[in-house]
């Protein structure tokens, strides 16, 4: 099996591990076999206990208890994929329950992974999210027959099973993410169509910033309540916090004093910006306490009372503060918020109990309706000066979302600021090239001494050179200084290396040869030609690609039923090109490709993103057609010499 590479049928599950990890775990799985050659849940504890990643779980008994929560039948036979899911579940549990060092990083809702850690769901949260869905999707042509959902029963989970609801919810959170022409919306879906919807949902959720580590399409087909609610929670919060950045709300510069503070504001997670905004108004209102979280600091309702009085003086009252009983005060807060149309997310009980998710949603809704910030044109002008050009912004977004999708311990909100300590890059390198990082020589943030950051980044550059990245005249200090051009060039080579390694692991029939950019190009052209189509691409910057025809023909060649040609345009106008590009991305995700590009990347033929798209389609095709191996012809290997390594300046990365 090691010569072939360990191929897992669930692409999401496959993406959670390197081939080295999969081979090791497969050996452990085989070692768990009993006398009859089968593996049961009961065989797992002694094997799992020896695994390094689970060292924080004290004993076999603890592992048995955790496994018992997901299934009471320990004699149940399991396959390798179930073994991998159990391993990921235990890993998540170890981090939350037993791992002391990692707890601090899991406070952010965007970081909090959707895992099987907590099987009971908050009825209050479910009710709140159902109200959100009923409100935002009530006019949807397809869903209006099923809405409003009754929050008291299982209607939410029954509706989630076909995948349409979650796809539509993603589009509410970040409009235009999914081309709705790619969603299967028949009244009755067959298992294949349902699975396609969930695959589209999960890949699109990753593409808007959700962390979907430890959740697969089968979990959504079965509509496992804690996973569905966890995913919905992330999607809704991304929607509610969408305006908490300087691009959408330039007035946020009022929260800071000078340009240096603006840089810091740009790097903050949206929920941290929300806290900063709340404390800004509370301080102006004379409230002396600092609000540091959306839970215990809000339980007594005092901060809410001051905030609402400051933002909506026309509805101001002293009664709320004079009331001594917290529940009564919470009642009055809800009534006051109702006048601003901000009552959807919390009940008085949620405030008193300090529900972090619902309080955050409540504060975000208040911000959306009444942010209370003035427009200081002088300040806004220097915030605008810090804006990146469109392509840099798109590449920053792509690499940031890609890094977050890898399931590293650190969730990043601003790429350029987050990589400057080197730690995040070391985490990524450890994921894609296990064993490459010397953790004894690395320093974990927060880092007070600047030379420690340089040490981290020097190690990043050293590993990059070992992986044959083009890093002429690039030093660790360039990353510490936040040189955007060099950071993007390094990350591009990192992403490209990962893709080529994935393809190499599948292309066992390439006789051990490295996969090159030219191999990907030739494979795509051959694939399209093999089904009698005429379009071809000369390179990854071929301007003819902008109309989308080639990629639609390529997708149709690898899976004939996935493209609905009746909705495809000729791609002659800019609008038609945009329609095709949007459709291509959704169809690729529906197929199973984990991609982070935007329609503009196809229309403008961004060669880096065109290469990632082609490679992702190739990876899917090889994974699913492994029984009919496609050998690389000699001309492919000859052509591969034309493909230089990605240049440090990012210009010739895939020419």
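Even glycines carry a Cβ here, placed using N, Cα and C.
Per TrEMBL, the features are:
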{"type": "COMPBIAS", "residues": "640-649", "note": "compositional bias 'Low complexity'"}
{"type": "DOMAIN", "residues": "123-240", "note": "domain 'Calponin-homology (CH)'"}
{"type": "DOMAIN", "residues": "268-371", "note": "domain 'Calponin-homology (CH)'"}
{"type": "DOMAIN", "residues": "393-499", "note": "domain 'Calponin-homology (CH)'"}
{"type": "DOMAIN", "residues": "514-622", "note": "domain 'Calponin-homology (CH)'"}
{"type": "REGION", "residues": "628-655", "note": "region 'Disordered'"}
Counts of helix, strand and coil residues, the domain 'Calponin-homology (CH)' (514-622), according to DSSP: 71 helix, 0 strand, 38 coil
Stretch with greatest number of CB pairs under 8 Å, the domain 'Calponin-homology (CH)' (268-371) reference, 123-240, 393-499, 514-622 candidates: 123-240
Residues of the domain 'Calponin-homology (CH)' (123-240) by DSSP state, where helix covers H, G and I: 75 helix, 0 strand, 43 coil
For the domain 'Calponin-homology (CH)' (123-240), the mean pLDDT of the predicted model: 94
